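Below you'll find the structure I mean.
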Amino acid sequence: MTAFRMVWSMLLASLLMLLVASSTAPADALSPPAAGLGADHSFTKRSLFDPSCTGVFDRQLLRRLSRVCDDCFNVFREPNVATECRSNCYNNEVFRQCMEYLLPAHLHEEHRLAVQMVGK
């Protein structure tokens, strides 16, 4: 009888931990990266806002620029890449190098204009 209770309590504890872990995981972590691009509610205003960005606050543009930095970090796995890429509201050499490396040439001008819109 005590063995049954012990197994039962371990099973309940495991289920409780699974429930807590699944409820605290962000929706973006469970979905592919492209799935969250169209949903504005996946990013809060505070998570996208950078005080150095004094231009137009456009979530879609900020998300697109941030994605370049995230992808660049995933390729190079250097800790400073993600932060340096976003510094000065994406108007820096690291962002330009990431853009050159990751994006097709026909998208470069579009991203340069986005940096100008959200930047200074």
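FYI, residue positions are counted from 1 along the chain as it appears here.
Cβ from N, Cα, C; glycine included.
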In Swiss-Prot, CYS53 sits in a disulfide bond; tell me which of CYS85, CYS89 is on the other end.
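Swiss-Prot lists the disulfide between CYS53 and CYS89.
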Taking the Cβ of CYS85 (disulfide bond) as the centre, how many other Cβ atoms fall within a 10 Å radius?
25
If you draw a 10 Å sphere around the Cβ of CYS69 (disulfide bond), how many other Cβ atoms fall inside it, taking every protein chain shown into account?
22
Around CYS98 (disulfide bond), which of the listed recorded positions (CYS53, CYS69, CYS89, VAL118) come within 10 Å, judging by Cα atoms?
CYS69
Run through CYS53, CYS72, CYS89 for me and report the disulfide-bonded residues whose CA is within 10 Å of the CA of VAL118 (valine amide), in sequence order.
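If one measures from the Cα of VAL118 (valine amide), the disulfide-bonded residues that come within 10 Å are CYS53, CYS89.
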Can you tell me the CA-to-CA distance separating CYS72 (disulfide bond) and CYS85 (disulfide bond), as a whole number of Å?
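The Cα atom of CYS72 (disulfide bond) is 9 Å away from the Cα atom of CYS85 (disulfide bond).
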